[in-house]
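Per Swiss-Prot, these features apply:
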type: TRANSMEM; residues: 42-62; note: transmembrane segment
type: TRANSMEM; residues: 98-118; note: transmembrane segment
type: DOMAIN; residues: 99-301; note: domain 'ABC transmembrane type-1'
type: TRANSMEM; residues: 134-154; note: transmembrane segment
type: TRANSMEM; residues: 169-189; note: transmembrane segment
type: TRANSMEM; residues: 230-250; note: transmembrane segment
type: TRANSMEM; residues: 282-302; note: transmembrane segment
Amino acid sequence: MFKNNLRFTSWINQHKFYQLDLSLKTRSIKQIVLTLVFKTLVLGFFGLIVIFPFYLMVVVSFASDERALDTRTPILWPDSWNFDNFSRVLSDGKYLNAIVVNTLVTVLSVLLTLFFTICMGYSFSLRKWKYKKLVWFFFLSVLILPESALLIGQYRIVIVANWNNPNSPLIVLGLIMPFVSSVFSGFMYRTSFEAIPSQLKESALIDGCNGFNYFLKIALPMVKSTSWTVGILTAFSAWNSYLWPLLLLGNRVDLNINLWVLQQGILDANSSDEQIRTLLNLKMSAAILAILPMFIIYFLFHKRIMNAIKNRANTIKG
């Protein structure tokens, strides 16, 4: 009798555990399916928000002038593929010159930013020097100010240095003024240099390596990922700048690609009462030509760009 009761109790327990395990499996499958559906919907929604403007830009760039002027009907698909729109915006002959100047400004901004921020970050990573904390606090206080608040001081410097003449080669120095240094980039380099073990520097000094050789041959290669991050972010910032070139160049659209895009597709009014009309198909064609170099750079260095964004996010969190 006791054995039968024991067997019956064991069977009941096994049956309960089987039902419990089955319910957990069923619940986990439901959670996985619901989570997958939720992630798909959320990612699809935000992906649509990001991709749709690019899709609209490409579609409108091939539209005819009649459809571009008709603001009542949205252009979701072109009635014809008008590649002539691209040749029309290139006919003014200013695109190539704007691309060359923009590239020169971007390259110089990246090189000078790397030089100044590396020196800044390394100097603040050193352990002791007089008034280090006070000077660092002063630099960090600049981060509180918005970039637009610094334009007045930067513009004043450019005026005093006579770098604001669009007909002079010195205008390039004026255009790179806001991008040659960055406190945030210096902060990134300081964090990276401080992460290098102090024992490594001590071993290098014992082996006869002086301070400059340690910085050049050991410390600098170890912050290569930070250099890629700073370089990529500076390049995008300098290439996409609009307010500062507008302030310096005015109507010289041949010296900045964004100003060139802004002037495309504008129709002169036939009378004083008529509003100025804009051909969006030409403006979108110009926008595609303007972002084409950055798209090429992105596809060549997309892995490093994503790592740069990730490193910047980790720096902000840290």
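The chain as shown is numbered from 1 upward.
Note that Cβ sites are derived from N, Cα and C of the backbone, with glycine treated the same way.
Of the candidate ranges 42-62, 98-118, 134-154, 169-189, 230-250, 42-62 has the most C-beta pairs within less than 8 angstroms of the transmembrane segment (282-302). Among the listed stretches 42-62, 134-154, 169-189, 230-250, the one sharing the most Cβ pairs under 8 Å with the transmembrane segment (98-118) is 169-189.
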